[in-house]
Amino acid sequence: MGSKRGISSRHHSLSSYEIMFAALFAILVVLCAGLIAVSCLTIKESQRGAALGQSHEARATFKITSGVTYNPNLQDKLSVDFKVLAFDLQQMIDEIFLSSNLKNEYKNSRVLQFENGSIIVVFDLFFAQWVSDENVKEELIQGLEANKSSQLVTFHIDLNSVDILDKLTTTSHLATPGNVSIECLPGSSPCTDALTCIKADLFCDGEVNCPDGSDEDNKMCATVCDGRFLLTGSSGSFQATHYPKPSETSVVCQWIIRVNQGLSIKLSFDDFNTYYTDILDIYEGVGSSKILRASIWETNPGTIRIFSNQVTATFLIESDESDYVGFNATYTAFNSSELNNYEKINCNFEDGFCFWVQDLNDDNEWERIQGSTFSPFTGPNFDHTFGNASGFYISTPTGPGGRQERVGLLSLPLDPTLEPACLSFWYHMYGENVHKLSINISNDQNMEKTVFQKEGNYGDNWNYGQVTLNETVKFKVAFNAFKNKILSDIALDDISLTYGICNGSLYPEPTLVPTPPPELPTDCGGPFELWEPNTTFSSTNFPNSYPNLAFCVWILNAQKGKNIQLHFQEFDLENINDVVEIRDGEEADSLLLAVYTGPGPVKDVFSTTNRMTVLLITNDVLARGGFKANFTTGYHLGIPEPCKADHFQCKNGECVPLVNLCDGHLHCEDGSDEADCVRFFNGTTNNNGLVRFRIQSIWHTACAENWTTQISNDVCQLLGLGSGNSSKPIFPTDGGPFVKLNTAPDGHLILTPSQQCLQDSLIRLQCNHKSCGKKLAAQDITPKIVGGSNAKEGAWPWVVGLYYGGRLLCGASLVSSDWLVSAAHCVYGRNLEPSKWTAILGLHMKSNLTSPQTVPRLIDEIVINPHYNRRRKDNDIAMMHLEFKVNYTDYIQPICLPEENQVFPPGRNCSIAGWGTVVYQGTTANILQEADVPLLSNERCQQQMPEYNITENMICAGYEEGGIDSCQGDSGGPLMCQENNRWFLAGVTSFGYKCALPNRPGVYARVSRFTEWIQSFLH
């Protein structure tokens, strides 16, 4: 019988060893799980820490005020100057941070760029972990203050300039060239090395600015016009054909043409037809130093020759027109040094301007024209070569025009003529207001002479001219046309050079077209005396045109004790050239109240006396409608009501209590209550004497009691002078009241009025003058050669170029950080809109207005000396205020003002400087000119200038034999005399008879007669 087998289910107990091993295994499992969790958390924390800035970069900046001078090489990161200065500054920054509280976090630094303005440094700081910008700035300032770097012996850093810029970058690993992504300042872009920023307009300009050259990458810079950028080789082409604008914004296509050194470039245009807003600019050179040589639009310019081996061509597309063929240009290289004189001169303008070039220092450019000019009453109807509308000629700018201007055309340098040669040409001078055409010969020795000149209207025909040339040194020929505003076109054609002297001309000498007599008499009659109720008057022929060359006078009268308010109901004069002048009284030396010109409206004018003189003075060019005016009389018209006896009247008419006068707080809106609170009394010069303080309305003399060196310095500063030089007690017999001075704990002065001084001793103080009249950049190593010559850069750091409407018109002198002294006749009629003036400080070359040494400033206030008399040329001085103060540099410094009693004796050699014409009515200088001239006595000057009244307000200088003088364009500039190693402003260039003629000195406003008036603006 089978049986069934079962499995036993009985229980087996564990041994103690088994239990122990099981427990250990469980513990190990728990530990492993814990370690894994901790590791994960650590990794996450590490990632979070990196995200929070475990590696950190900050961008900072500061300004170096001394120890190094800015130069343009600092813009080039590859230059030795950049590398040396960057190395020294990085060493300085490293030393500061490695001795700071951030030494453990700090890694290194990198200088990015230098900017002009003393020297502004931009640099990056690298840290191992995140640091706040406040902490970075604080540690940097503390390190600079504590001189924590050996480099601070050399460099002085402006602590107020230290700042952390907006850029703050953090990364999760150390900064290396392979992974840093740089952020650039506004207006700049990064190079492909991701380490360097350069200005955006430096890309694709023909000059390498990025260390890796990526800013001139041919692929990146390829134009949308034809896909090209850099054109090399002896010939090539570029084009912009059928160029509809591809976007809403303007499009710029730019090409760089580069041929072998020593060669020049000829541009030819197979096709050229663009919309008038789409302009092709042709520049000589590349980069920031390129010079605009031609701007072309609409019609084919023919051939353009650029005398450089590099050309920049820039096509600006503004329109969205699609029916213009654009242009197709080719270029070829040529060697201009192989040209002879005849090839350089001969030109009929059928092939562009041939080898003639536009004068960059004139006021406008010659135009190449086919057919008639703009106006039917001036200029040719056709060229001279073919005598029909198919040929070309050149003309001064056509159209109505807006100003008087010189238009110059220059030859290439010509070789000395071994035998005489005849320069011939055809000229066209037709128009009622045609001025002048001249031919000048100049050489490298700055010698210039006029060899041909014609003035006036010669009718609507081409006239023949010729000049024999016989020069012994290299020279240039210059055609200069002087154009008036309208009806004054001058044209040239068929210029040629032939062997031998010029023979008698086969063509008759042209005769002037008689000038029609003026339609109206220039004498207005009068002067007209006007009394109430006959108070309305107007210019002659109003509202029709007033006469040219008019001089009209109205004298307005009121009863004694009253004054006059003049109101212009209508006003329309030719701007600048025609003026209404208003004076306070009838006498010739009455004060100038206003000069009005241009279109109205104009402000009312108030006299301070019971008489007012109104003058209308016009020139000989244009006339407009004139003016209609009326006047009223009354008591205190336009004058604020006088204040009560216990109040002070501010300059703006406000009244403030006398107790608030000179209390250290401004109560007048114009600040005049704190303007005149301390002065010298009984001194020998304007920087010494007894000290007086105004307390309320009473002047108190300072006691010697408790006087200290610090008080001397504080008082000198209040007086607008330098530090205290010396002080000593004196024992006068003068009565009080007196004032005792003490220094408060916070440094301000405490004034205590007193009826008596201790031991009756007063203080006599002498202050140092503020630093002025010092040359820092260009010291004279040898005595200057007497005669006009190019000045060194920085030789006259106070000489300022004054530009009006973009044209250098006058000079000026810097006398403080925000005030200039110039001539009144420069700004007369140009004073109503000061912002049209721009002062260029630190200027050396007119062709380089963007030099790092130059600083432009708009003018925001013009004050003509109220005693200025234009007709007598007396008191010819004016003040001009800069919109913003200027920082002094090696190239910008103030000149010293003379004492009121300072004498510059006759016979002393002083200096003049300016950019004016180098010959009378010739071309202006590009580089600042300087010369020495001897001073003359006023008696001698009066003998040599008998047609003028030489007053005590004038000083004269010049050689009896002539040859050296100020000239047109130098007006307003300085006459400078040196004393005790400082330069003083002795005179302001005013007037003369022509320029540099024998026994015809230059006349200058004598500045010592105006020192007090000038200083009233400075303090």
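Here the Cβ of each residue, glycine as well, is placed from N, Cα and C on the backbone.
If you look up Swiss-Prot, you'll see C184-C197 (among others) marked as disulfide bond, on the strength of similarity to another entry. In the three-state DSSP scheme, C197 (disulfide bond) falls into the strand class.
C210 (disulfide bond) falls outside any helix or strand according to DSSP and counts as coil. The 10 Å shell around the Cβ of C210 (disulfide bond) contains 22 further Cβ atoms across the protein chains shown. Taken from Swiss-Prot, the feature disulfide bond applies to C191-C210 (among others), supported by similarity to another entry.
Marked as disulfide bond by Swiss-Prot on the basis of similarity to another entry: C204-C221 (among others). Remark: C204 (disulfide bond) has D215, E216, M220, C221, F229, Q254, I256 as non-local neighbours, by Cβ distance under 8 Å and separation of at least 6 in sequence.
According to its DSSP assignment, C552 (disulfide bond) is in a strand. For C524-C552 (among others), the entry in Swiss-Prot reads disulfide bond.
Spatially close to C643 (disulfide bond) yet at least six residues away along the chain are Q649, C655, judged by Cβ distances under 8 angstroms. The disulfide bond feature in Swiss-Prot is assigned to C643-C655 (among others); the stated evidence is similarity to another entry.
Secondary structure at C650 (disulfide bond), taken from DSSP and collapsed to helix, strand or coil, is coil. Taken from Swiss-Prot, the feature disulfide bond applies to C650-C668 (among others).
With a 10 A radius on its CB, C677 (disulfide bond) counts 17 other CB atoms from all the protein chains. Annotation source Swiss-Prot lists disulfide bond at C662-C677 (among others).
Secondary structure from DSSP puts C757 (disulfide bond) in coil. If you draw a 10 Å sphere around the CB of C757 (disulfide bond), it holds 21 other CB atoms from the protein chains shown. The feature disulfide bond is assigned by Swiss-Prot to C757-C767 (among others), with similarity to another entry given as support.
In the three-state DSSP reading, C826 (disulfide bond) counts as helix. Taken from Swiss-Prot, the feature disulfide bond applies to C810-C826 (among others).
C977 (disulfide bond) falls within a strand segment according to DSSP. Proximity of C977 (disulfide bond) to non-local residues of its own chain (separation of 6 or more, Cβ distance below 8 Å) is seen for F904, R908, C910, S911, L935, W983, F984, A986, given in sequence order. Among the features that Swiss-Prot reports, disulfide bond is placed at C910-C977 (among others).
The annotation disulfide bond is assigned in Swiss-Prot to C941-C956 (among others) on the grounds of experimental evidence. Annotation note: C956 (disulfide bond) sits in a strand segment as assigned by DSSP.
The disulfide bond annotation in Swiss-Prot covers C967-C995 (among others). A sphere of 10 angstroms centred on the C-beta of C995 (disulfide bond) encloses 23 other C-beta atoms.
Per Swiss-Prot, domain 'SEA' is recorded for 54-169, and the stated evidence type is sequence analysis.
Counting residues 6+ beyond its ends, the domain 'LDL-receptor class A 1' (182-223) has Cβ neighbours under 8 Å at 59, 75-78, 110, 112-113, 122, 165, 167, 169, 229-230, 238, 240, 253-256, 258, 285-288, 290, 310, 312 in the same chain. The domain 'LDL-receptor class A 1' annotation in Swiss-Prot covers 182-223.
Feature annotation from Swiss-Prot assigns domain 'CUB 1' to 225-334; the stated evidence is sequence analysis. The average pLDDT computed over the domain 'CUB 1' (225-334) stands at 88.
Taken from Swiss-Prot, the feature domain 'MAM' covers 342-504, and the record attributes it to sequence analysis.
Remark: secondary structure over the domain 'SEA' (54-169) totals 40 helix, 46 strand, 30 coil, with classes taken from DSSP. For the disulfide-bonded residues given as C668, C767, C956, the lowest number of other CB atoms within 10 Å of the residue's CB is seen at C668. Scored by C-beta pairs under 8 angstroms, the domain 'CUB 1' (225-334) has its highest count with 342-504, from the stretches 54-169, 342-504, 524-634, 785-1019. Comparing 54-169, 524-634, 785-1019 for CB pairs under 8 angstroms to the domain 'MAM' (342-504), the maximum falls on 785-1019.
The DSSP breakdown of the domain 'CUB 2' (524-634) into helical (H, G, I), extended (E, B) and coil residues amounts to 0 helix, 55 strand, 56 coil. Each residue contributes its Cα atom, and for C767 (disulfide bond) and C810 (disulfide bond) those atoms are 34 Å apart. If you draw a 10 Å sphere around the CB of C655 (disulfide bond), it holds 17 other CB atoms from the protein chains shown. For the recorded site, C643 (disulfide bond), the DSSP three-state label reads coil. When the disulfide-bonded residues C184, C197, C524, C662, C677, C826 are screened for a Cα within 10 A of the Cα of C210 (disulfide bond), the ones that qualify are C197.
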